[in-house]
Amino acid sequence: MLTWLVLERLLKGKSSSVGASVGAVAGLVCITPGAGFVTPGWSIAIGALGAVWCYMSVGTLNLVDDTLDAFGLHGMGGIGGAIFTGIFALDGGLIYTGSFELLGKQIAGAAAGVAFSALGTALIVVVLGLVMKLRIPEEHERSGIDQHTHGESYHSPVKKYPQAQVSESSDFSESDAVC
């Protein structure tokens, strides 16, 4: 979380509460594959490295229609976590043994997971495409789908409050008026 917040501050000029939540998820997703195989210190390092990995992934993958950054966080976070496990694991990790054997196995496992997920997702999309539309019309997408699809609006209408009137006979200056 802290790494993500620092990245936001450095690259966007400000940190956000959403960034804090997303950063926490990124770190946890990345450490999950290796949680039982690394030291507590390496788990913190993996969480920090994972936040950088996921931040870059989310920024790069924002070109696709993934509103919640699910693949950038969970998909890429899992891949990164698998690779980091091959590097930092106490039993067979690259740092401790100098051997690339576990790292190679971790990369192969991550690649197999990506292939399985891609094929499964493609199959699901094809089947769904046969029985229903996968996208709403573009004009509804541009205007927002809340009202059209759900019959309600997520956003409450903006309330207009009357402007405070400041008379010249008032004891307050213009700078004291709340507008």
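Including glycine, each Cβ sits where the backbone N, Cα and C put it.
What TrEMBL says about this protein:
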COMPBIAS  142-153  compositional bias 'Basic and acidic residues'
DOMAIN    1-153  domain 'Ammonium transporter AmtB-like'
REGION    142-179  region 'Disordered'
TRANSMEM  18-38  transmembrane segment
TRANSMEM  44-64  transmembrane segment
TRANSMEM  71-90  transmembrane segment
TRANSMEM  110-132  transmembrane segment
* Asked: Tell me, what is the mean pLDDT of the domain 'Ammonium transporter AmtB-like' (1-153)?
  -> 92
* Asked: Could you count the residues of the compositional bias 'Basic and acidic residues' (142-153) that DSSP puts in helix, in strand and in coil?
  -> 8 helix, 0 strand, 4 coil
